[in-house]
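Annotated features in TrEMBL:
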DOMAIN    2-78  domain 'Trans-2-enoyl-CoA reductase-like NAD(P)H binding'
BINDING   47-52, 73-74, 110-111, 138-139, Lys243, 272-274  NAD(+) binding site
SITE      Glu74  site 'Plays an important role in discriminating NADH against NADPH'
DOMAIN    81-316  domain 'Trans-2-enoyl-CoA reductase catalytic'
BINDING   Tyr224  substrate binding site
ACT_SITE  Tyr234  active site, proton donor
DOMAIN    323-385  domain 'Enoyl reductase FAD binding'
Amino acid sequence: MIIEPRMRGFICLTAHPKGAEQNVKNQIEYIKSKGAIAGAKKVLVIGASTGFGLASRITSAFGSDAATIGVFFEKPPVEGKTASPGWYNSAAFEAEAHKAGLYAKSINGDAFSNEIKRETLDLIKADLGQVDLVIYSLASPVRTNPNTGVTHRSVLKPIGQTFTNKTVDFHTGNVTEVSIAPANEEDIENTVAVMGGEDWAMWIDALKNENLLAEGAATVAYSYIGPALTEAVYRKGTIGRAKDHLEATAFTITDNLKSIGGKAYVSVNKALVTQASSAIPVIPLYISLLYKIMKEEGIHEGCIEQIQRLFQDRLYNGSEVPVDEKGRIRIDDWEMRDDVQAKVAELWKEATTETLPAIGDLAGYRNDFLNLFGFEFDGVDYKAEANEVVNIDSIK
Ligand code: NAD
Ligand code: NA
């Protein structure tokens, strides 16, 4: 069928398999162009199909020749209906990995569940013996705790008081004011239950209990901080509480890994266009101004550039891993540069529906958004028939 983007609100209902393949190939080419990384050889990526997790899987495989197991939650295609983008990304990734002679298998299902953890442990046991790196890159609005059976839903709200600021509908370019009422205690607890560190710790416990972590194994989860402009709704809001919990969990996990000389890290990454970040009010306006400035300065990065730098310059740089005063790896260093933030704050004041096309990178935002779904890639003939039913090699 001929596949076109079909938008509904902040989501796109379709995805393009050829575009997803191009996306994966572009990321592989980038990693190869940067040279070998002396990284882990057996890697488990939880949340491996899109965004930072996909970039982590590609960087491990094509930067360090690693065997990878990827866990994700994606919708397979059926005749006449496309898959979710991460399905096509993973199909393309496995195909490229196998062509390059690399081990790559994937598990599609709810990573929060006991069943998917069991399946993953068994696969590691059977095929790899142990892993030496575990990337934890889940972004989800909902989690059912397997121990309690309770389903938690995360919310994106400020804490303490109503937050009012500008936001943009990036489809129309309309800049408006948005007000978000504050969270209650239950909202906070639920958001921490979904996006905090509890499930990360459960994964590492399960792996360690069955001796599936190699001596000196590392695990990394991703966090965000961002500027004062978004603080009330992000870092000091409900999601920020979850990130505080995730960051604290790194220390608990490190204690747990002492006996094998292992370590848990949180890496603070840059603001990027993903399905998750597009749904957060205020963030798209911030990103469109930030992109404009970082591109002008020649310091703009996407997920793959960020993760390449994380692996090469931080995790596997041949010496100490540089961290901040709270023990976090910072690859948001260029986003958070004083000169960059001062310019964003200046432009923020001027941003209106009329000024934004000139002072912000709305076009770049839209392009990146469509790229998430496999659209707008050079080298793909979007007018041609594409087969929507694409299989992932390792998934029957
Ligand atoms: P994403 O939506 O692109 O990726 C999420 C991944 O999680 C996908 O592979 C998806 O299939 C998987 N997933 C979701 N629910 C699942 C489930 N129940 N079981 C198994 N897999 C599941 O998100 P992303 O932006 O790459 O975010 C990854 C991490 O990076 C998050 O912790 C996020 O907070 C963090 N981060 C994001 C940004 C940003 O600007 N996007 C910045 C800094 C940090
Ligand atoms: Na991810």
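Note: Cβ is positioned from N, Cα and C throughout, glycine not excepted.
Distance between Cα atoms for Phe73 (NAD(+) binding site) and the residue listed as 'active site, proton donor': 25 Å, as a whole number. Counting other Cβ atoms within 10 Å of each Cβ, the recorded positions Tyr224, Tyr234 show the lowest value at Tyr224. Proximity to ligand 2 (Cβ under 6 Å from any of its atoms) holds for these recorded positions out of Gly51, Asp110, Tyr224, Tyr234, Lys243: Gly51.
Per Cα geometry, Glu74 is the residue among the recorded positions Glu74, Tyr224, Tyr234 nearest to Ser49 (NAD(+) binding site). Among the recorded positions Phe73, Tyr234, Lys243, Val273, the residues whose Cβ lies under 6 Å from any atom of ligand 1 are, in sequence order, Phe73. Looking only at Cα atoms, Gly47 (NAD(+) binding site) sits nearest to Glu74 among the recorded positions Glu74, Tyr224, Tyr234.
Rounded to the nearest whole angstrom, the C-alpha distance between Glu74 (site 'Plays an important role in discriminating NADH against NADPH') and the residue listed as 'active site, proton donor' is 26.
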